[in-house]
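Pulled from TrEMBL, these are the features on record:
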type	residues	note
BINDING	GLY14, GLY16, LYS17, SER18, THR19, ARG112	ATP binding site
REGION	36-59	region 'NMPbind'
REGION	111-121	region 'LID'
Amino acid sequence: MAKGPVIVLTGTPGTGKSTHAELLVNESPIPLRNINVSEWVKERGLYENYDEEWQTYTIDEDRLLDELEPLAAEGGLILDWHTCEVFPERWADLVVVLRCDHSKLWDRLEKRGYSLKKIQENNEAEIMQVVLEEARSSYPPQIVIELQSETTEDLESNIARLVEWIKLWLQNQGSS
Ligand SMILES: Nc1ncnc2c1ncn2[C@@H]1O[C@H](COP(=O)(O)OP(=O)(O)O)[C@@H](O)[C@H]1O
C-alpha cells in the first residue's frame with residue numbers, strides 16, 4: 001500500500017508552488033517528500049539541452065519519468081512543477097492548480113529577476129489559464145482543484161484544506 005498520496009502541485013511560475021510545498025511538508029500529518037521537478041531535472045541532468053533564448057531546459061521526459069516512477073509508486077509525494085501533463089494519470093491522487101492575479105504575478109516574477117520576455121510569457125499563460133486547462137485535460141475532474149494564491153490568508157487556508165484532504169485520504173485507505 002502507498003505510504004501516502006501523490007499530490008501534483010502545479011501552476012504558472014510564481015503562483016506559490018514552492019511556498020505551498022514547504023508549508024505542506026511541515027504541516028502534513030504524514031511525512032511527505034517534496035520534489036521540485038525543475039531542480040531535480042537540473043541536479044540529475046535529465047535534460048537534452050538548454051535554450052539560451054528562453055532560458056529553459058528541454059527535458060528528457062523518458063528519463064524523468066523513469067526516475068520518478070518508483071517514488072510515485074511508493075507514495076507520500078509532492079510533485080512541484082509548472083506543468084503537469086507529463087505525469088501519467090495513474091500517479092496522481094490530487095492535482096492542485098495554484099492561481100494568481102496576473103498583475104501580482106508580474107511583480108513576483110520581476111522581483112525574481114526574470115527577463116521581460118519570460119515575464120510576459122508567464123503572465124499571458126496565467127491570464128489564459130494554460131496550466132488549469134492542461135490539468136483538466138490530463139486528469140479526471142474530481143481530482144483537480146484550483147486554489148487562489150494571492151495572499152497569506154489564501155496560503156494558510158489552502159494548507160489547512162490540503163491537510164484535511166490528506167487526513168481524509170488516509171481514512172479512506174484504512175477503510176478500503
Ligand atoms: N499566497 C501567497 N501570498 C503571498 N505571497 C505569496 C503567495 N504565494 C507565493 N507568494 C510569494 O510569491 C513568490 C513566488 O512564490 P514561489 O512559491 O516561489 O512560486 P513558484 O514555486 O510557483 O514559482 C515568493 O516570493 C512567495 O513568497
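Including glycine, each Cβ sits where the backbone N, Cα and C put it.
Projection of TrEMBL feature records onto the structure.
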residue : record           : DSSP class
GLY14   : ATP binding site : coil
THR19   : ATP binding site : helix
ARG112  : ATP binding site : coil
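Here the region 'LID' (111-121) has long-range neighbours at 13-14, 54-55, meaning same-chain residues at least 6 beyond its ends whose C-beta is under 8 angstroms from one of its own. Residues from the binding-site residues list (GLY16, SER18, THR19, ARG112) with a C-beta closer than 6 Å to any atom of ligand 1: GLY16, SER18, THR19. Within 8 A of the CB centroid of the ATP site residues GLY14, GLY16, LYS17, SER18, THR19, ARG112, the other residues of that chain are PRO13, THR15, HIS20, ARG108. If you take the C-beta of THR19 (ATP binding site) and look for same-chain residues 6 or more apart in sequence within under 8 angstroms, you find SER149, LEU155.
Mean model confidence for the region 'LID' (111-121) is a pLDDT of 95. Counting residues per DSSP class in helix, strand and coil order gives 8 helix, 10 strand, 6 coil for the region 'NMPbind' (36-59). Taking the Cβ of LYS17 (ATP binding site) as reference, residues of its chain lying under 8 Å away and at least six apart in sequence are, in sequence order, LEU9, THR10, GLY11, ASP80, TRP81, HIS82, LEU98.
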